[in-house]
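Features reported for this protein in Swiss-Prot:
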- 35-110: domain 'EamA' (DOMAIN)
- 37-57: transmembrane segment (TRANSMEM)
- 66-86: transmembrane segment (TRANSMEM)
- 89-109: transmembrane segment (TRANSMEM)
Amino acid sequence: MSVWICLVCASLLSCAGQLCQKQATRPSRRGRRSRHILFWLGMALLCLGCGMLLWLSVLQSIPVSIAYPMLSLNFVWVTLAGWGIWHEPVARRHWLGVGLIVVGIVILGTSV
């Protein structure tokens, strides 16, 4: 698997873990709160663990000075997910920041 694909997958898994944690805090049906929390926190651990393993393989191939800034993709994924899944409001400034992050990632990625 390409190291760049691994990097994107590691980022997506990290974000999935964060989103599962958010979902664990959401209301659930009465009497099912403990099961709800345990399920989503378990999913978070699974996603974060798999993301970490992929991240380790990325670090074997790419200098950390290049790889780590690429994780700023997480801000993009989480913003899109919060807006799309939970309909969280996102201000124009926030969208501008997300756009600048994407531009920075493209510049960094093409400099390798």
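Cβ coordinates are placed from backbone N, Cα and C, and glycine is handled just like the others.
Averaged over the domain 'EamA' (35-110), the predicted model has a pLDDT of 94. Sorting the domain 'EamA' (35-110) by DSSP state (H, G, I as helix; E, B as strand; all else coil) yields 66 helix, 0 strand, 10 coil.
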